[in-house]
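S.K.: Handing you a structure now.
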Amino acid sequence: MDYFAQQLINGLTLGSIYGLIAIGYTMVYGIVGMINFAHGEVFMIGAFIALIAVLSLFALGVTAVPLALLLALVIAMALTGLWGWAIERLAYRPLRNSFRLAPLITAIGMSIALQTFVALTQGARSKPLPPVIRGGFTLSEGNGFAVSLSYMQILIIVTTVVVMAAFSYLINSTSLGRAQRACEQDRKMAALCGVNVDRTISLTFVIGAALAAVAGLMFLAYYGVIDFFVGFVAGIKAFTAAVLGGIGSLPGAMLGGLLIGLIEVFWAGYFTAQYKDVAAFSILAIVLIFMPSGLLGRPEVEKV
Amino acid sequence: MKPLLTVRGVETYYGAIRALKGVDIDVFEGEIVTMIGSNGAGKTTLMNTVCGDPRARSGRIVFDGRDITAMPTHEIMRLSIAQSPEGRRIFPRMTVYENLLMGALLGPGDDASIKEDLATVFGLFPVLERRQGQRGGTLSGGEQQMLAIGRALMGRPKLLLLDEPSLGLAPLIVRQIFSVIRDLNRTQGLTVFLVEQNAFHALKLAHRGYVMVNGQITMSGPAAELLARDDIKAAYLEGGVHA
Ligand SMILES: Nc1ncnc2c1ncn2[C@@H]1O[C@H](COP(=O)(O)OP(=O)(O)OP(=O)(O)O)[C@@H](O)[C@H]1O
Ligand SMILES: [Mg+2]
């Protein structure tokens, strides 16, 4: 039981990170119908910007860890958002009306270009961040196994809940969110209602990138080390999460993220760590056989 | 009368196909103008060209004194043109209420005006009030048509573009919708450009009419005169006089 509780906590932590990245995949798919394969790299860039920001803030004498993390979060969200904006503007928008595979191929190219860019400018070796938040609670002890909940894990889960609540409010209850959903459902009609469709699409990339930056900072703080390749694996997991939850569905992305995180951690905890990725993908395959549009996705036919 | 919409020599292409072949249209403030024509004549294309999608390849479109020929769609609409488009295009996964709020983007935008306009629309189409929380995609065809018109009215447009509001509706509902349009025109001076297959009703409602054939205007004049012409009766009113 204790072991189970521990895996649950670890799984939720990892799932939070996947969920935040998955939202970016699902939102972009929803509004422009493409898989942004470079989104994993946007997450990686977010983590790098966060790392540089934290270290710079420490160097500048901002030694209060909560303040430094908060500032780094804001900086990473803003600058990564800018990257998201630029990627859409330069690489995807010119191809928006071309044949369907063009943006897909461009996204793969963009992904490689961003990895290479970071490897060249930051070096290929992994970059450590000294542990910034130590300690935690010991929830229960006994039978020789202690369940611990670190402050870091609490911070990650709480931040994710707050960010997702704010994000859901933005999408469901503000006129900006309504415009976003309108573009997703009928771009032409949205324009006829006076919505600036190009700007709304840009904004979608910016929001997705900013959420990926939140995940990037959390990943960095949790694992304490990043390199130019972290976006690849995390990106594929988050993409899997988005498909599992139902691509295009925002609650689906959050749910899918949590599930992938849990599956991975539980598999590694109870079976073997080597096969944790196989487990996640197998479950995805099984779900898709029985629910082709994912757990919370809507069937393709309903698309009017 | 002040010209509100002026279309001059407009040509629109779909690839190599010339769908509009030099169209001239005038809509003056306070008028109801209709355009009739058979399937594929180019009526929807004209309405959409006014809204900038597709764009006119040549010619000029002026709205309220401004050249809108090259403007992006959302900017044209923000000059206060609202369209209830062919096929209704209700946002299927938004509620009736949210669909109406989308229409309000073209209006003044403050809470008080939105509330007032909601009350007006619910007054015209009480069924929408009862279905406020229902998803647009699950409404019946007639309800969707009312919602499309209601959504357009939420923007307090200077010019209301209606593309076949009677399509697929029972005669009773058609009459109801047309009488709403007539009332708005009389009481508030709303200017309306109406595209219709249902030529009889449209010409009864409108002040002036145009006939489009194959991307060109072939006839125009006061609606009553067009309605009386034998060639129009033969071409567009056969079986249409059922009211
Ligand atoms: N997106 C498009 N691509 C290619 N051709 C098109 C497109 N839209 C319309 N057309 C063609 O342009 C012509 C005019 O079409 P339009 O929709 O304007 O006709 P309409 O008068 O509105 O007809 P209806 O009364 O059936 O709605 C038709 O021949 C149609 O096939
Ligand atoms: Mg038409």
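Residue numbering: from 1, along the chain as shown.
Using N, Cα and C of the backbone, Cβ positions are placed for all residues, glycine too.
As listed in TrEMBL for this protein:
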- A:12-35: transmembrane segment (TRANSMEM)
- A:42-61: transmembrane segment (TRANSMEM)
- A:67-87: transmembrane segment (TRANSMEM)
- A:99-120: transmembrane segment (TRANSMEM)
- A:151-171: transmembrane segment (TRANSMEM)
- A:201-222: transmembrane segment (TRANSMEM)
- A:254-272: transmembrane segment (TRANSMEM)
- A:278-297: transmembrane segment (TRANSMEM)
S.K.: Six or more residues out from either end of the transmembrane segment (A:254-272), which same-chain residues have a Cβ under 8 Å from its Cβ atoms?
M.R.: 3, 6-8, 10-23, 164, 237-238, 240-246, 279-280, 283, 294-296
S.K.: Would you kindly check A:42-61, A:67-87, A:99-120, A:201-222 and say which stretch has the most C-beta pairs under 8 angstroms to the transmembrane segment (A:151-171)?
M.R.: A:201-222
S.K.: Counting a contact as 3 or more Cβ pairs under 8 Å, with residues at least 6 apart in sequence, do the transmembrane segment (A:42-61) and the transmembrane segment (A:201-222) touch?
M.R.: yes
S.K.: For the transmembrane segment (A:67-87), which partner among A:12-35, A:99-120, A:201-222 gives the most CB pairs under 8 Å?
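M.R.: Looking only at A:12-35, A:99-120, A:201-222, the most contacts with the transmembrane segment (A:67-87) come from A:201-222.
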S.K.: Let me spell it out: take the transmembrane segment (A:12-35), skip the flanking residues so only those 6+ beyond its ends count, and list any with a Cβ under 8 Å from a Cβ in it.
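M.R.: For the transmembrane segment (A:12-35), the far contacts come to 42-43, 84, 92, 96, 103-104, 107, 153, 156-157, 159-160, 163-164, 167, 180, 183-184, 200-201, 204-205, 207-209, 211-212, 214-215, 218-219, 222, 234-235, 237-239, 241-242, 245, 247-250, 252-262, 264-265.
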S.K.: What residues in the same chain, six or more past the boundaries of the transmembrane segment (A:201-222), come closer than 8 Å to it by Cβ-Cβ distance?
M.R.: 13, 16-18, 20-21, 23-25, 27-28, 31-32, 36, 39, 42-51, 54, 69, 72-73, 76-85, 87-89, 93, 129, 132-133, 152-153, 155-156, 159-160, 163, 167, 170, 176, 180, 183, 230, 234
S.K.: With a Cβ cut-off under 8 Å, give me the same-chain residues at least six positions beyond the ends of the transmembrane segment (A:99-120) that come close to it.
M.R.: 32, 34-38, 40-42, 44-45, 48, 87, 91-92, 228-229, 231-232, 235
